[in-house]
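The annotation active site, schiff-base intermediate with substrate is assigned in TrEMBL to 64. As annotated by TrEMBL, active site, proton acceptor applies to 69. Summarising the annotation, TrEMBL assigns active site, proton donor to 84. What TrEMBL lists as pyruvic acid (Ser) is 64.
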């Protein structure tokens, strides 16, 4: 059996960010990330938690999604980028978000999704019914 990955998933923590309480800035950052990834935007949804509070936003893509959850009081943003297909630039998407949010530091992890390998993974039994 040949195993083909279903996509690439990047999780990132951005620190020392600006614009995290501004829904318009978050939307612009998501749009920039979609363009940098060469992805197809379906819709963007945002929720602003109130004045000087964070924004949660998701760009729904034909190829999956890009999301952000922000905590302006900590200058912190949690980023989730999942792209299906090899023709997309996941690192470019992250770079666009880092630039738009003026992040001072970044940590990130990339995962290949849909692979059958279980090395180093926790497996949970699936119970019927």
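Just so it is clear, glycine is given a Cβ too, placed from its N, Cα and C backbone atoms.
Note that the coordinates shown come from a computational prediction; the quantities given were computed from them, not determined experimentally.
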Report, in whole Å, the straight Cα-to-Cα distance of the residue listed as 'active site, proton acceptor' from residue 84 (active site, proton donor). 21
Give the three-state DSSP assignment (helix, strand or coil) for the residue listed as 'active site, schiff-base intermediate with substrate'. strand
